Amino acid sequence: MSQLTHINAAGEAHMVDVSGKAETVREARAEAFVEMRPETLSMIVSGSHHKGDVFATARIAGIQAAKRTWELIPLCHPLLLSKVEVQLFADEARSRVRIESLCRLTGKTGVEMEALTAASVAALTIYDMCKAVQKDMVIGPVRLLAKSGGKSGDFQVDAHD
């Protein structure tokens, strides 16, 4: 079984030293969902929400969040991201929004947390913008879809998940 990398021999939390690692292209994709009533989703899709373009605001919030992950999650490294993409999809059949984020860099550590943070904050932004019309929206699940690059190798969620 793998060891927890952020715990030292004394059981204390610490930031991993990546100075000896090789720089490689690293990429991660994550997704999040926001479930809501059909009329709330319709308001977002039609652009009739009184606060403005919900998807555009959530996209920008997700991008900003990815760039600031190191300030939010204590043991994350500050990273020079080369790409952050946040896409939002209205799933009217299931009355939800699906958010997919992609983060990429050439560096010594992965971007999984940045991708997860981007998707999560985009979902939180949708909630914030729509809570005046619906307070019982549900956020989740949030998960890593794929990662590539680095010593630990590639990961991808099974297609049937």
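Residue numbers in this text run from 1 along the chain shown.
Glycine too: its Cβ is placed from the backbone N, Cα and C atoms.
Listed in sequence order, the same-chain residues six or more apart from Asp128 (active site) with CB atoms under 8 A from its CB number zero; the list is none. Feature annotation from Swiss-Prot assigns active site to Asp128; the stated evidence is sequence analysis.
Swiss-Prot lists Leu75, Cys76, His77, Met113, Glu114 with the feature substrate binding site, giving sequence analysis as the kind of evidence. Under the three-state DSSP scheme, Glu114 (substrate binding site) falls in the helix class.
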Under 8 Å by Cβ from Glu114 (substrate binding site), same chain, sequence gap 6 or more: Ala28, Ala66, Lys67, Thr69, Cys76, Leu79, Leu81, Val84, Cys103
Neighbour count (Cβ, 10 Å) for Leu75 (substrate binding site): 13
8 Å Cβ shell about Leu75, Cys76, His77, Met113, Glu114 centroid, substrate site members excluded: Thr69, Trp70, Ile73, Leu79, Thr109
